[in-house]
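Enquirer: A single structure is presented below for examination.
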Amino acid sequence: MQGRISLPTLCHFLLPWAFTTFHGALGSQAPHPGPHYLLPPIHEVIHSRRGATTTLPCVLGAPPPSYKVRWSKVEPGELRETPILITNGLHARGYGPLGGRARMRRGHRLDASLVIAGVRLEDEGRYRCELINGIEDESVAMTLRLEGVVFPYQPSRGRYQFNYYEAKQACEEQDGRLATYAQLYQAWTEGLDWCNAGWLLEGSVRYPVLTARAPCGGRGRPGIRSYGPRDRKRDRYDAFCFTSALSGHVFFVPGRLSLSEAHAACRRRGAMVAKVGHLYAAWKFSGLDQCDGGWLADGSVRFPITTPRPRCGGLPDPGVRSFGFPRPQQADYGTYCYSE
């Protein structure tokens, strides 16, 4: 019958209207996105080496009418950030020991990137660039990662002698710092296999196993074995230390020297007896390969191998071999010296 509208036809006209009305009602409750001035970083991980000058990028897409940019470092394992530098686009002020080595890049008027000179081991970590404009603050974060090498460390008294703070000090005395979990994981992927548990910077205790075996947590899958967080004052383990490239160089002095004679031999050459971290860094970054045991500053005797061969440590993989801690009077070894 003419003049009537069929149900399908009515739906054809009403559904778009109903959908538009419903969608508009929902849309009216959605938050309206505010302006975003900071561009997201192209790379969230910035790689560098100790002693280098590195740049952490932070760029504005457009400048707010007035603003400040604050750079800070997120301290691992702690609920705080350490301020580094604050700028209003014209003037900048640095804070703390890192602030003295930090400056703004100022490549253009929208550039708020941070330049760190003379990168140190403790500079590795998470950084935040925060734009403060009084209306809607925003920030971008990135990680500075150093190329380096992780080495297990225990004193002459034997294994499991360090609480957390003693492990931290021991690494610093050997030209390193306590390794992070990420650094230990990277070292494990590169071949570190060690059966003794050691402290990490975050306060956890772990050890890396490539070849699963009964004395090393059982015959399960390879991986990073974990004891979890431990009591930093009471519990005692070894340490996993991290070091990076050297500004100087390590060299071997042959002979049959006692420890005191080793110190004298290095001094005559304008150098000092190398620390354990020095030897690992020279092995990692300079390819130091020497099939002779030599004294180090902590009283241990070690030697670095980059090309494994018969009668040179007896192991199939590259690494730093150890004779442990002989008697200091034992005159059977050369020495490794470090010169700036």
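From the backbone N, Cα and C atoms, a Cβ is placed for every residue, glycine too.
Per TrEMBL, the features are:
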{"type": "SIGNAL", "residues": "1-27", "note": "signal peptide"}
{"type": "DOMAIN", "residues": "35-145", "note": "domain 'Ig-like'"}
{"type": "DOMAIN", "residues": "149-243", "note": "domain 'Link'"}
{"type": "DISULFID", "residues": "C195-C216", "note": "disulfide bond"}
{"type": "DOMAIN", "residues": "246-339", "note": "domain 'Link'"}
{"type": "DISULFID", "residues": "C291-C312", "note": "disulfide bond"}
Enquirer: Would you count the other CB atoms within 10 A of the CB of C195 (disulfide bond), including those on all shown protein chains?
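Expert: Taking all protein chains shown, C195 (disulfide bond) has 15 Cβ neighbours within 10 Å.
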Enquirer: In Å, rounded, how far does the Cα of C216 (disulfide bond) sit from the Cα of C312 (disulfide bond)?
Expert: 25
Enquirer: Taking the domain 'Ig-like' (35-145) alone, what is its mean pLDDT?
Expert: 89
Enquirer: About how far apart, in whole Å, are the alpha carbons (Cα) of C195 (disulfide bond) and C312 (disulfide bond)?
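Expert: C195 (disulfide bond) to C312 (disulfide bond), Cα-Cα distance: 22 Å.
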Enquirer: Same chain only, sequence gap of 6 or more: which residues have a CB within under 8 Å of the CB of C291 (disulfide bond)?
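Expert: For C291 (disulfide bond), the qualifying residues are F303, I305, R309, R311, C312, G313.
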Enquirer: Using a 10 angstroms cut-off on Cβ to Cβ distances, just flag whichever of C216, C312 is the loneliest among these disulfide-bonded residues.
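Expert: Output over disulfide-bonded residues C216, C312: least Cβ neighbours within 10 Å is C312.
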